[in-house]
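As annotated by TrEMBL, domain 'MAM' applies to 32-192. If you look up TrEMBL, you'll see 194-285 marked as domain 'Ig-like'. Here TrEMBL flags 292-385 as domain 'Fibronectin type-III'.
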Amino acid sequence: MPVVKAYTQEEHKPSFTDRLAICTGAVGGYQGDCNFEKPLAACGYSQGRDDDLDWEQANTREKPSSDPWLPSGSAFMMMNTSGRFAGQKALLLTPQLRENDTHCVTFHYYIGGRDNSHPGHLNVYIKENNSPMGMPVWNVSGSATRSWGQVELAVSTYWPNFYQIVFEAVTSGQRGLLAIKDVVVQGHQCMNTPHFLTIKGVEVNAGQTASFHCTVNGRKRDNFRLWLQGIGGREAPMKATKPWNNRRFIGTFDVENTTKGDSGRYRCIVHSDKGVGVSNYGELTIKQPPVPIAPPQLTAVGATYLWIQLNANSINGDGPITDREVEYRTVSGTMYDLQPVDKTTHKIGHLDPDTEYEISVLLTRPLEGGTGAPGPPLRARTRCAALSEN
């Protein structure tokens, strides 16, 4: 039977960090872990194919170097920027990670070079389910520091989905190096960077505002910066936040004035001082309100009525059609009316004799803003009134 320790006032109760260290101390490595002491393939890592350069593997613990720009006593992957044109890229990919629970990925990065030099910048991408790389979720550039910094990646993509981390080094044209080491997948949440709950897709009609709601698993801090990131490059700033409970809050993001071009996948990003949290992708579906391709057809004419067939089976835009309306007006004058229709034929009555009218059909699909523009108009004239006609 386990013994539960009681702490006296003189004793210090372990902190959350202490407890995590105790819990994870005996846990073995995860897929994706790599200290770069063994050949790259042993970790399941691979060089990019659609790039300009390769990363180089180095171990100054086994083979010390006199180069002052190289980090000492470390095994790492590096890209030497010396003698390179500005804008050349090298990609390094982790194996596909299929985690079934909350986890945290950490790595260390290094920028080496002369004082005040800017060798390049390091980008980190999260690819979900063989998607395009999309936009970076984290990056660093600036002056050479010749010291290691640590980054947390709180990736909220879970089985059956998978993801890959892509490290991209980009040269600036100046001499120096960019390096990473000690990629570790930890079986607990990140210490300083929050995770997201799963976000859902959104469907709206073109021209409307699409609102995404991102639930952050962590208390809101002043140093958190949240935004919505589209895989195609469109971003949306946070509109508002509200507390969900004492451990979670919700950020709301609006993609305004949507067009078909805004369709695609979006995810939530949160930056902390120590890293970045990344949600799964939610699909934004933009539907085009329906418009009939052809004008209505005239089937019968009287002095005070016009019978039409809607002729609206063929449309531009998206269905399903939930409502139909007939819009008509006098060609000369100001008379206008709009009538709901529930059949494929419709009688427009109480018209003036010997008057020309312009008639169009409007169609509506679900959700706000689902009514399309009027279709092509039919022009028709009522007959002259006969003395015997009622």
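Cβ coordinates are placed from backbone N, Cα and C, and glycine is handled just like the others.
Assigned with DSSP, the residues of the domain 'Fibronectin type-III' (292-385) fall into helix, strand and coil as follows: 0 helix, 44 strand, 50 coil. The helix, strand and coil residue counts that DSSP assigns across the domain 'Ig-like' (194-285) are 3 helix, 55 strand, 34 coil.
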